[in-house]
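What TrEMBL annotates here:
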TRANSMEM  A:12-29  transmembrane segment
TRANSMEM  A:41-60  transmembrane segment
TRANSMEM  A:90-109  transmembrane segment
TRANSMEM  A:116-136  transmembrane segment
TRANSMEM  A:156-175  transmembrane segment
TRANSMEM  A:206-228  transmembrane segment
TRANSMEM  A:234-254  transmembrane segment
TRANSMEM  A:261-280  transmembrane segment
TRANSMEM  A:286-305  transmembrane segment
């Protein structure tokens, strides 16, 4: 009651504060990153990770979990680097088909009341297998327009920052500020209530999965735009990164409690954590471990804050 | 007659039917050649699946959201540290085993502490901690591949009357797991928590104590599996646990254990482990490439789950 800042606000501030702390630490360790070029280099790979994290967020929002998003992004990358480059029509059709497949998965999981963890684990095999079939050996080429978009050099503010801000705000308006978005989130909070109010939970789940598929496709395309070539294993680690990003950004596993802005911040934080650790000259053996430790640290901070929330 | 009907109602039957069917298809394709060899290999590799799946089964049975994602990292850490400590000396085999089990114990305790103290979902807790175990394994072994003691390697590949010894040992372990699940206070407690944690708590089940024991059991079995697998494959590799993440969950689910928790069975674990291995072998025999093989494996896993959920709803 006498606390100057309410725990709710503190909780919302935790993701941006973690990011700011990390950025300050990086600037301090390596002042040369504090430039247009440095920031561009630092944040480049955060864009596809942020897109994949947003995809995962849509799934988490309806109380499901997608363990196949990494394999899915890899498959999209393979298709983008081959079909979309060589035969654009076929490529577009294939990518649209993938989004439809995601909607179908949502329907299957809902209708048969299947555990999404197991279904998506199975799908990760399917996506990976298809990726190997599309592109057996690493290679391919990025379509020129994606390449030129991802290497855009706008004045003053580096492209990755603009892309992240636009992405966060667009999804925020769509999901948090629109009537439609409120209904979508309601399916995670109280599906029974929504169903009684006359909304189709099936349609909502399909929409959310389709949105996830759509952002997964964007993630794969953005990734190929940066790397210019693809291979079947290019984005496998995105599965874990995306889940961690949503949680870091203040999302919860159940209850439709997610935050698009937080998710983008969480993804950028995770992407930066890697650079931070290499600037620290940390023994490379401990790099992955340190990422896990950062995740645990942020979650511990959140527990402390939530305790205050309960006490009030 | 009624006995047969009752048998068909058991959730674990389908895994065994699937395993037999896949094995039959492989044998038919090769004209019966090498069918015995394939079965022997399936028993050996299946045994490793069953060890970790046993722990994963107890964890999954605790209810929604309970999954141990640190199994691969725990296996790798236990395997590397044990192999390096033994340094190929036969006299050190018991010490190595104790170290592997001890690492599992510590990993399980840390996992549970994170879940309890940070109140984070087990998926994220075991996921973040697994990064740390993986790093510890990399740091400890520095890319060296230490050979296991010859006696340990012999044990993991030995056969009695054509049957792999390790499969026999794991069969005994599975029986113990079955008794633990169906005949002890602990096992009934796990099932009760999975069905309704609040009701279990009110009925006097020590919910938190049982949850702690379950995560520790899962990690300890992962440690044991890492130790044996490192002995079997001529040393610990840093990626040796990788495929056990999916397979430990898949084996539990295909074996008829409910992913929503509260219902579990041990016989299905063996059936599902054999099914998974024989499935890949069959696709290999049919000459499928890596891509086709993965697509079909994924589709068949999903197909089995869809079919299993259908039968469960009707009863």
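Cβ atoms are placed via backbone N, Cα and C, with glycine included.
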Long-range neighbours of the transmembrane segment (A:90-109), counting only residues six or more past its ends (CB under 8 A): 64, 72, 75-76, 79-80, 82-84, 116, 119-120, 123, 202, 205-210, 212-214, 216-217
Stretch contact, the transmembrane segment (A:261-280) with the transmembrane segment (A:12-29), Cβ-Cβ under 8 Å, 3+ pairs: yes
The transmembrane segment (A:12-29) versus listed stretches A:41-60, A:156-175, A:206-228, A:234-254: most Cβ pairs under 8 Å: A:234-254
Interface-richest range of A:41-60, A:156-175, A:234-254 toward the transmembrane segment (A:206-228), CB pairs under 8 Å: A:41-60
Sequence-remote partners of the transmembrane segment (A:156-175) [C-beta within less than 8 Å, at least six residues beyond its ends]: 36, 39-40, 43-44, 46-47, 50-51, 54, 57, 61, 150, 181, 184-185, 258, 260-261, 263-265, 268
